[in-house]
Amino acid sequence: MKSLFSELFSYNDDCNKRLIAAFRLAGDKVPEKSRRLFDHILTAHHIWNARLNGQAPKYRVWEELSPDILEELHEENQELSRKILEEKDFSEIIDYKNSKGVPFHNSIRNILFHVINHATYHRGQIAMDFRESGLEPLVTDYIYYRR
């Protein structure tokens, strides 16, 4: 199970790094919706890492980020997720509150899967937004990454 998640987080790392590079290349042409969605991918990942480590997050789930910190936050997210993969029991149940303060509990395994699936979902929305704005979308399919 750890090797699967390790591979999925490597895929996530690759996609996000390529998206950061695409944002830099496109500059002011990046649609605002795409910027907000990518900020959300990064802040949500950060929040889940904080929950898994019993810490308070530094960012809100839809917080607007400065473009200069995207790469830094992404790297921090990836590093903390790598530590979680190495140190945590995937079957452990974590109690947490969502952004509205409602309590929930889920296994670490399900939370890790959600982090990857959530990012993939929103990168798909970013690809659609790029296409609708006349920009070439990135191909971020997992099978493409594995080729």
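For all residues, glycine too, the Cβ spot is worked out from N, Cα and C.
There are 17 other Cβ atoms within 10 Å of the Cβ belonging to HIS122 (divalent metal cation binding site). Residues or ranges marked as divalent metal cation binding site in TrEMBL: HIS40, HIS118, HIS122.
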Binding-site residues (HIS40, HIS118), the one with most neighbouring Cβ atoms at 10 Å: HIS40
